[in-house]
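J.: The domain 'Response regulatory' annotation in TrEMBL covers A:5-121. Under the heading 4-aspartylphosphate, TrEMBL lists A:56. What TrEMBL records for A:148-213 is domain 'HTH luxR-type'.
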DNA sequence: CCCTACCTACGTAGTTACACGTACGAAACC
DNA sequence: GGTTTCGTACGTGTAACTACGTAGGTAGGG
């Protein structure tokens, strides 16, 4: 019978034992190795070729994220779950960027990790609720900020139309042809827009608008 | 004893009953009204002034999101939870933008809604796991796409430097002064950048780079 | 009826960007 | 030792943008 091979890296034996116990409950998984620092984790990953690597985020030598980055550099398809004490936004974002498949905050229940393991081995991502929360907050902050700024700078419908075309890279002449107005009118709108937004050329204008529009 | 007043709007009596039952289990809440369409929901909200409005997303007359928008327009501090069959990305995003405090997918367990009610009345937001998932996916897609594209279009360090300055709205002359190089050199870089990225002017260039950089 | 906001349009003059090239030295890579 | 990549630099001509104005018509609200 095939069992998924799991490698655990954490500098606290107690945590490793906890994970081992959890994993042992299911016949589908087997822990084939342990590491207590980042350097070891990388070495063992290469010799043991596990199906899943569970990494504590804080370890001596190399921390979990650094290990993840190195492992994923050589093996982009590696399955990695990060265990962390913190649901720090910076950590979560960076883990996402690095490409780890799971992020579990330690104070969640054990079943959280269990579920994460199952999901990741099925090819899905699993970021625990708290980890998602931080991204969610980031996102909703962005959305509300967007609204606030939209209210600060009020553009007329025509101006919105114009600025979209500017952002698409059209010249005044092209916009004029498209809107059946004089290129001079387009330039007036452009000038008004720049004045409203408080910038001094079209480049900054587009940049500003891009920022307000969605980011 | 003070009880939080709740107004329920859903076109299915069964759902309303379900919610009522759920709410009745706690002495802290009381359902003070029901509506079976969007128009009614708004009217009742204004006459009853509930502490919390639970809105089904699909209703005759006005749907839940439209109701939410109207109510929040007049009363920006209103507490609103949206109930939905779908974890559609579009819905979730729009609800966030509108400013609802909670979004619960109906096939989640009842305790999900219970928790949402509690959270929202405590002043927190609550978007159920599935709803967060869509935002999460959106975000992680963005992150991985960013990485992919970064690899597709490889810029030299100097080019990165130049493009940042372009994005700040500097003219070629200003960049030249800043970098102690000829303005013609700056223009060469600019031209190379436009060629690499595949656009035809600085505006599009900045727009493109903005997109790749974070969104 | 007045006032404000909006869309429209123009003039002049100066600045900047863009397209099309070419070219050379340094460093890195094969 | 050749090739590629990168950063540097220039010329010329056209197109586009920007700054500074002015100004008429229309729709809506007070």
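Here the Cβ of each residue, glycine as well, is placed from N, Cα and C on the backbone.
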J.: Do you know the DSSP helix, strand and coil residue counts for the domain 'Response regulatory' (A:5-121)?
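T.: Taking each residue of the domain 'Response regulatory' (A:5-121) in turn, the totals are 56 helix, 26 strand, 35 coil.
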J.: Can you name the residues of this chain that are 6 or more positions from residue A:56 (4-aspartylphosphate) yet have a C-beta less than 8 Å from its C-beta?
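T.: Non-local contacts for residue A:56 (4-aspartylphosphate): A:9, A:10, A:11, A:12, A:15, A:64, A:82, A:83, A:84.
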J.: Treating G and I as helix alongside H, and B as strand alongside E, what does DSSP give for the domain 'HTH luxR-type' (A:148-213) in helix, strand and coil?
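T.: Once the DSSP states are binned, the domain 'HTH luxR-type' (A:148-213) shows 52 helix, 0 strand, 14 coil.
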J.: Restricting attention to the domain 'HTH luxR-type' (A:148-213), give the mean pLDDT.
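T.: The average pLDDT of the model in the domain 'HTH luxR-type' (A:148-213) works out to 84.
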